[in-house]
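Going by Swiss-Prot, these are the annotated features:
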type: BINDING; residues: ARG42; note: L-glutamate binding site
type: BINDING; residues: ALA76, ARG77, TRP102, THR153, ASP174, GLN197, ASN239, THR240; note: pyridoxal 5'-phosphate binding site
type: MOD_RES; residues: LYS198; note: N6-(pyridoxal phosphate)lysine
Amino acid sequence: MSQVYNFSAGPAMLPAEVLRRAELELCNWHGLGRSVMEISHRSKEFLEVAHQAEQDLRDLLNVPENYKILFCHGGARGHFAALPLNLLGEKTTADYIDGGYWAKSAADEAEKYCSPNIIKIKTEIDGKIAVKPMKEWQLSDNAAYVHYCPNETIDGIAIHEEPDFDDKKIVIADYSSAILSQPLDVSRFGMIYAGAQKNIGPAGLTLVIIREDLLGKARKETPSVFDYTVLAENDSMFNTPPTFAWYLSGMVFKWLKEQGGLQEIAKRNYEKATLLYSAIDNSDFYINRIATENRSLMNVPFQMSSPALDAVFLKEAEEQGLVALKGHRVSGGMRASIYNAMPFAGVQALVDFMADFERRHA
């Protein structure tokens, strides 16, 4: 079978080495005569998987000891609700930074539980979409926390700054599409959460990294499966966790360490994104509407000067093994998601195809 490069925004491409290893182990994991999908989450064997996955993740992100790592159900959308239920405490408002589709979705969900202070940060620079720098965010004094999304998967907008607010501010970030793409100072955040299906592993698992002093504040009506204190006290096994997704995510963590860690991964991601954005910027046929300083390194949306060619582009791209390039229904056009698992060769193949398509259709 010819090479296929999967540019899906999620569920996304997984490292080929991880998939090959999983294939070898699928039916007879560690000589047990069973798949890892069939063993108890409380067995000695799976507890070793869980412990190693957590340790490898701690190593990759240099997670401080006063942070708990939770492997949860629910997807990021589930945690849009779990977050206010766990962290509002006695307060009735939280700051929600609206920088794109997913940040706004989190704020919309929070309205069920509080009165969010929605801070719009989108602006324009020379006709391009940008976001205001953090120093211009008008944060409130009485908010329980500040929530933002550093990488907007649909919009292709990134906030590359790390928070540097007053020490009293509890900063929460939805890192679903940027987690593990570069080094990160976890200590600047009260909590980070991320759906696994983009840069961690298969769909069905959600990662939560939360500072210990934020536990124990959940409202009494919080479902137990979404109570971070309950999950922490039970080592993420209050109910049966998504064991196969946990196992595969652990393999991805190990793969990232084998590649040289997040410094090396960040270098590769920058090189891939630079190649693709350069191809777009040097063309009159392709258009990216995001200001350079706020472009995502993970999700690159682009349109063609003639939208009537979209279907032709997608069909021909798929014939060349370049799949899942259709843009989100909200934004249209094309979108290339180039997460950690996407090799440079995949982006090069896309750029070569784009140049050839332009020659034939411009």
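Note: Cβ is positioned from N, Cα and C throughout, glycine not excepted.
The pyridoxal 5'-phosphate-binding residues named in the record, ALA76, ARG77, TRP102, THR153, ASP174, GLN197, ASN239, THR240, extend over a maximum Cα to Cα distance of 30 Å.
The number of other Cβ atoms within 10 Å of the Cβ belonging to THR153 (pyridoxal 5'-phosphate binding site), over all protein chains shown, comes to 25. Most buried of the binding-site residues GLN197, ASN239, judged by other Cβ atoms within 10 Å, is GLN197.
Reduced to three states, the DSSP call for ALA76 (pyridoxal 5'-phosphate binding site) is helix. Counting other Cβ atoms within 10 Å of each Cβ, the recorded positions ARG42, ARG77, LYS198 show the lowest value at ARG42. The residue listed as 'N6-(pyridoxal phosphate)lysine' is 14 Å away from TRP102 (pyridoxal 5'-phosphate binding site) when you measure Cα to Cα. Every protein chain considered, the tally of other Cβ atoms within 10 Å of the Cβ of ASP174 (pyridoxal 5'-phosphate binding site) stands at 27. The Cβ of TRP102 has fewer other Cβ atoms within 10 Å than any other of the binding-site residues ALA76, TRP102. Checked against the residue listed as 'L-glutamate binding site' by C-alpha proximity, the binding-site residues ALA76, THR153, THR240 yield THR240 as the nearest.
Long-range Cβ neighbours of THR240 (pyridoxal 5'-phosphate binding site) (same chain, at least 6 residues apart, Cβ-Cβ under 8 Å): HIS41.
Note: the CA-CA distance between ARG77 (pyridoxal 5'-phosphate binding site) and LYS198 (N6-(pyridoxal phosphate)lysine) rounds to 14 Å.
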